[in-house]
Amino acid sequence: MTDQNWKESLNIPQKDTRPQTEDVLNTKGKTFEDFPLKRELLMGIFEAGFEKPSPVQEESIPMALAGRDILARAKNGTGKTASFVIPCLQQARPKVNKIQALILVPTRELALQTSQVVRTLGKHLGLQCMVTTGGTSLRDDILRLNDPVHVLVGTPGRVLDLASRKVADLSECPLFVMDEADKMLSREFKGIIEQILAFFPTTRQSLLFSATFPLAVKSFMDQHLTKPYEINLMDELTLRGISQFYAFVEEKQKLHCLNTLFSKLQINQAIIFCNSTNRVELLAKKITELGYSCYYSHAKMPQHARNKVFHEFRQGKVRVLVCSDLLTRGIDIQAVNVVINFDFPKTAETYLHRIGRSGRFGHLGLAINLMSWNDRYNLYKIEQELGTEIKPIPATIDKSLYVAENEAAVPRPFKIDQLPKGNETVHKKSGYEYKGQPEVSSNVAGMPQQVPNGPVPPQQVNPSQGNQMPPQQYPGYPPQYQQQMPPQFNGYPPQQQYASPQYQQPQPQSQQQQFQ
């Protein structure tokens with residue numbers, strides 16, 4: 001293989017032709033070959049489908065290779081992971097059997113994803129990457145560390161445990177990386193991070209990446225980073241390329257609204273967020289009863305089950321994933337083009353990370369928020385903090401806002417009637433999934449009756465139905481929030497205060513149960 005034809009032997013995947021937003025396309029025109037990278041590393045980069053560096057990669061990779069500490073702020077889904085993985089792989093030496101880079105992340109799923117990126121980009125380098133997280137066998141991790149490990153990816157608690165037992169030797173580790181630094185320096189992890197740093201040499205290089213930088217990050221920077229190179233590619237926190245809508249929906253109407261969205265939207269893959277683990281499992285079951293294959297994941301599940309869900313969802317074996325905020329941090333599944341907040345989040349930070357699961361790497365995405373009347377205060381607060389606008393949901397959502405023109409390039413998950421033979425089970429719960437054709441039932445509160453051909457179509461509702469309350473002014477809130485007082489939930493809700501009546505379904509007065 002000569003210098004001229006070394007690219008010809010690479011197994012380069014098909015080019016992704018989906019449109020991208022300017023925060024990914026607005027680069028300085030550099031290529032990965034402009035950086036002082038090993039040929040073997042470049043081979044892994046190109047075979048992973050990388051074409052040219054994103055803005056955050058253009059800014060961070062040269063400075064990291066120069067040995068500078070880095071504090072980088074960029075929006076979700078713009079290539080932050082490769083921004084620190086590439087310098088780690090470039091600086092690691094395969095013949096030195098010591099840990100040469102530690103990458104800390106807040107969740108187990110993100111650790112698995114990051115380790116996979118390390119292995120993919122570094123597959124020609126002869127480096128060994130190990131992932132270690134809580135919920136897995138400590139004994140197995142200890143045995144694995146008897147073999148050479150060059151890059152260690154893990155969650156803080158397990159890494160501290162291994163370092164304290166003197167199994168993971170960090171005394172000569174030159175590179176310390178924190179992804180999702182805002183979460184890592186919260187009260188939950190900050191003390192652990194400080195203890196881990198005590199095992200490092202004083203001359204280490206530190207790389208911090210995040211979408212938001214609270215005061216805790218600045219305090220950590222002042223204490224532990226040496227003249228850091230600061231990168232800020234977020235003049236505002238608005239997630240470009242993601243269209244955001246809301247609908248005021250009574251609790252018992254949410255499931256029908258979700259069913260209507262399924263019938264109206266063109267979904268490659270969708271993530272649906274709930275605010276509690278109990279609601280995650282119950283919603284997953286009811287989505288299955290609507291006739292859709294569905295996985296769910298939350299923090300109380302066994303680690304092996306979470307791993308399997310995450311892996312199979314990434315592989316496109318299912319269209320819908322219901323989860324708690326477990327998957328809001330850094331998870332990169334580019335086939336996800338729709339995020340639905342079944343429960344509206346309480347904080348702007350949570351909202352930002354949730355909807356950032358769509359529109360990855362500058363591609364188009366759609367975020368829909370199902371809101372109760374009391375959520376309107378949080379809606380206004382989040383809009384103000386993020387400098388964004390969340391619009392009322394229209395009767396028809398333009399597909400060009402979230403669907404790629406070349407759909408053949410996007411993996412298409414299965415629906416129930418498309419599942420491979422052998423998956424036709426009835427409400428079979430295996431700890432983490434609901435798959436198969438459901439039994440027909442019309443007795444579930446808030447759910448439309450099933451028919452042989454699938455869920456019933458959305459129904460138009462007469463806006464005149466329901467109890468009307470006089471308008472109530474809320475000082476300090478814009479006019480669109482100064483609508484009517486919450487309805488008396490004793491019949492049909494007044495449809496004027498809900499966006500798009502076709503997303504509502506009338507309920508008999510006797511049906512007072514709510515989705516709990």
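Using the three backbone atoms N, Cα and C, a Cβ is placed for every residue, glycine included.
What you are looking at is a predicted structure, and each value in this text was computed from that prediction instead of being measured.
The compositional bias 'Polar residues' annotation in Swiss-Prot covers 1-14.
Residues or ranges marked as region 'Disordered' in Swiss-Prot: 1-22 (among others).
Summarising the annotation, Swiss-Prot assigns motif 'Q motif' to 30-58. Broken down with DSSP, the motif 'Q motif' (30-58) shows 16 helix, 0 strand, 13 coil.
If you look up Swiss-Prot, you'll see 61-231 marked as domain 'Helicase ATP-binding', on the strength of sequence analysis.
The ATP binding site annotation in Swiss-Prot covers ALA74, LYS75, ASN76, GLY77, THR78, GLY79, LYS80, THR81. Under DSSP, THR78 (ATP binding site) is assigned to coil, being neither helix nor strand in the three-state scheme.
Here Swiss-Prot flags 179-182 as motif 'DEAD box'. Confidence in the motif 'DEAD box' (179-182), given as mean pLDDT, stands at 85.
Per Swiss-Prot, the feature domain 'Helicase C-terminal' maps to 241-401; the stated evidence is sequence analysis.
As annotated by Swiss-Prot, region 'Disordered' applies to 436-516 (among others).
Swiss-Prot lists 461-471 (among others) with the feature compositional bias 'Low complexity'.
Residues or ranges marked as compositional bias 'Low complexity' by Swiss-Prot: 479-516 (among others).
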If you draw a 10 Å sphere around the Cβ of GLY79 (ATP binding site), how many other Cβ atoms fall inside it, taking every protein chain shown into account?
21
